[in-house]
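Participant: Below is one structure. I have some questions about it.
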Amino acid sequence: MKDYPWEIYSLKELIHATNNFHDDNKIGEGGFGSVYWGRTSKGDEIAVKRLKAMTGKAEMEFAVEVEILGRVRHKNLLGLRGFYAGGDERLIVYDFMPNHSLITHLHGHLAADVLLNWPRRVGIAIGSAEGLVYLHHEANPHIIHRDIKASNVLLDSDFQAKVADFGFAKLIPEGVSHLTTRVKGTLGYLAPEYAMWGKVSESCDVYSYGILLLEIISARKPIEKLPGGIKRDIVQWASPFVEKDNYDEIVDPRLKGKFNREQVKNMVEIAMRCTAKPENRPSMLMVVDWLKGGIRRKKEVTMLVKDYMVAEEDEDYNDVDEDKNEDEDTDYERFQSRARRNWDGLKMR
Ligand SMILES: Nc1ncnc2c1ncn2[C@@H]1O[C@H](COP(=O)(O)OP(=O)(O)O)[C@@H](O)[C@H]1O
Ligand SMILES: [Mg+2]
């Protein structure tokens, strides 16, 4: 094994591999660049992320992603193969994931094919949770991903989940329980306390994971627009079914009833726990434990869910740091008002 599991590529090789970043090779579009399919001179399939514009922000994302992905190795995290940085080019090279991202299968052009049968969904739920366990509990320093969502979970040839896109990730020094930062991430997946106060800790990823879990089960989007412009999040949508013990209604109808009812119930209950108030959320270690079907523990989860479904008293957050740096992030206001509504929803749950 080499000291570094990644290599520094030459621009020439990556231009060659991607047919000069040809449009036909484009497989993804993200916040700060495009992703291209390519084949190396050795014949390996790769994905190359290319920075669109060399802004300070984009360059920071590039640096963070390379820095963090360079440190991690896990079966459920997208592997970094290397990078190129020179002149105005910033390129990141990954293993190519032939089955695209989860969003393609849940809401995108492959949704109609229903390649994600129930066992695959369970596998993806467990795999992405295990990737997060590695980041939160095994990596040193610990890593908070901050942008867990369906488009950032990629699928390999066996439909195994690979958590990707570390451009927003944060390293957490030992002994620090939470940091206060500018809000990054995606509406619909943001933990309310993070969106409102920038309080970031592992439990923000747990919240996003809970949303993702409901999305995997139901194939509904994290937020939907109701007639009249009112927005409803996926937890608000699922809650009435949970209360009535009507879990079948939550499952993606495209599965045509082919699913394991016990597993659905277990997974929905875990998702509800993950999206509860921060102090009631489980760690990802517990989530994996529960997902792997501690039948014994399921009773415990049910009890906790019932617990917080009873209306709760208001919560105080007196320990919010005052030094929040809220300069140029334009989305911040939007995040906040969205989060406030979310938060009110949480207090009711
Ligand atoms: N290794 C890969 N294999 C296949 N598709 C990929 C790969 N990496 C990224 N993609 C595609 O490109 C999209 C954007 O990549 P991502 O890393 O999330 O970048 P961004 O930071 O711009 O969101 C993904 O949602 C996915 O569809
Ligand atoms: Mg992304």
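Quick reminder: no glycine exception, Cβ is built from N, Cα and C everywhere.
Annotations per TrEMBL:
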BINDING   Lys49  ATP binding site
COMPBIAS  315-331  compositional bias 'Acidic residues'
DOMAIN    21-291  domain 'Protein kinase'
REGION    315-334  region 'Disordered'
Participant: Which of the three DSSP-derived classes (helix, strand, coil) applies to the residue listed as 'ATP binding site'?
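Facilitator: Assignment for the residue listed as 'ATP binding site' reads strand.
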Participant: Across the domain 'Protein kinase' (21-291), what does the pLDDT come to on average, as a whole number?
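Facilitator: Mean per-residue confidence for the domain 'Protein kinase' (21-291): 94 out of 100.
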Participant: Tell me, how many other CB atoms lie within 10 A of the CB of Lys49 (ATP binding site), whichever protein chain they belong to?
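Facilitator: By my count, 23.
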